[in-house]
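Participant: Quick paste from Swiss-Prot:
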- 25-258: domain 'Peptidase S1' (DOMAIN)
- Cys31-Cys173: disulfide bond (DISULFID)
- Cys50-Cys66: disulfide bond (DISULFID)
- His65: active site, charge relay system (ACT_SITE)
- Asn102: N-linked glycosylation site (CARBOHYD)
- Asp120: active site, charge relay system (ACT_SITE)
- Cys152-Cys219: disulfide bond (DISULFID)
- Cys184-Cys198: disulfide bond (DISULFID)
- Cys209-Cys234: disulfide bond (DISULFID)
- Ser213: active site, charge relay system (ACT_SITE)
Amino acid sequence: MWFLILFLALSLGGIDAAPPVQSRIVGGFNCEKNSQPWHVAVYRYNKYICGGVLLDRNWVLTAAHCHVSQYNVWLGKTKLFQREPSAQHRMVSKSFPHPDYNMSLLIIHNPEPEDDESNDLMLLRLSEPADITDAVKPIALPTEEPKLGSTCLVSGWGSITPTKFQTPDDLQCVSIKLLPNEVCVKNHNQKVTDVMLCAGEMGGGKDTCKGDSGGPLICDGVLHGITAWGPIPCGKPNTPGVYTKLIKFTNWIKDTMAKNP
């Protein structure tokens, strides 16, 4: 959520050094083409705002703090600012933020210690199904708890530098470690709850950042989280990022999808 607040502040402040986006990968590398076929670029009109994850042909999962009045998505992209034959564009017919997410946090404000970013996820219903190809494939929800110490991969088009807002064209990937939540509790002022995951590199330098919100956290090959919030500047030592823990929400996700075919 801090990523979105900073993104909005930069946009409203007239920053023109880079196209406006939300959060981004620091310390990463260009993802191999088609290696993240579930990764979705979420737009408000023609402005990229967040990442997302394709769960099936009709549904995208993203962060609730990415909530805006209108959405459309691009699937199968590896380059944000270029046309690609593999890419598919879809409108979003309806959005479903988690009912327990505190939407008042969307008002721009300085993060406070009492802020609780729990339940930060949202489903987007596509107006027409995605075509499944080598570049566009869904990923399954988790069926068990993630293992501490797992190697996790995060991806996104968020800022590639921790302080100066700089967006990449190529989809970025970075490997980080799944850490005990106590590490994030100790090193963040905001609440870290049992519906969140703590992941990063304690030495710093590798992190999600401004523009990565809603993108996938894949640990040992399994989708376990989506990017939620983290430190500013991104990639600070001893301050891992915080992710929504999807195993806590699989029933809500499945029920919402089933009730809105």
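Heads up, the Cβ atoms here are built off N, Cα and C, so glycines get one too.
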Participant: Given the disulfide-bonded residues Cys66, Cys173, Cys198, Cys209, which one's Cβ is surrounded by the fewest other Cβ atoms within 10 Å?
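Facilitator: It is Cys173 that, of the disulfide-bonded residues Cys66, Cys173, Cys198, Cys209, has the fewest other Cβ atoms within 10 Å.
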Participant: How far is it from Asp120 (active site, charge relay system) to His65 (active site, charge relay system), counting Cα to Cα, in Å?
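Facilitator: That comes out at 6 Å between the alpha carbons.
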Participant: Find the shortest Cα-Cα separation between Asn102 (N-linked glycosylation site) and the disulfide-bonded residues Cys31, Cys152, Cys173, Cys184, Cys234, and name the residue that gives it.
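Facilitator: The answer is Cys184.
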Participant: CA-CA, which of the disulfide-bonded residues Cys31, Cys66, Cys184 lies nearest Ser213 (active site, charge relay system)?
Facilitator: Cys66
Participant: Got a sec? Which of these recorded positions, Asn102, Ser213, has the most Cβ atoms within 10 Å?
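Facilitator: When each Cβ's neighbours within 10 Å are tallied, Ser213 leads.
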Participant: Same chain only, sequence gap of 6 or more: which residues have a CB within under 8 Å of the CB of Cys152 (disulfide bond)?
Facilitator: Ser175, Ile176, Lys177, Leu178, Ala199, Leu217, Ile218, Cys219, Asp220, His224, Gly225
Participant: Counting across all protein chains shown, how many other Cβ atoms sit within 10 Å of the Cβ of Cys184 (disulfide bond)?
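Facilitator: Other Cβ atoms within 10 Å of Cys184 (disulfide bond): 24.
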Participant: Among the disulfide-bonded residues listed here (Cys50, Cys219), identify the one with the smallest other-Cβ count within 10 Å.
Facilitator: Cys219
Participant: According to DSSP, collapsed to three classes, what secondary structure does Asn102 (N-linked glycosylation site) have?
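Facilitator: Asn102 (N-linked glycosylation site) sits in coil per DSSP, no helix or strand.
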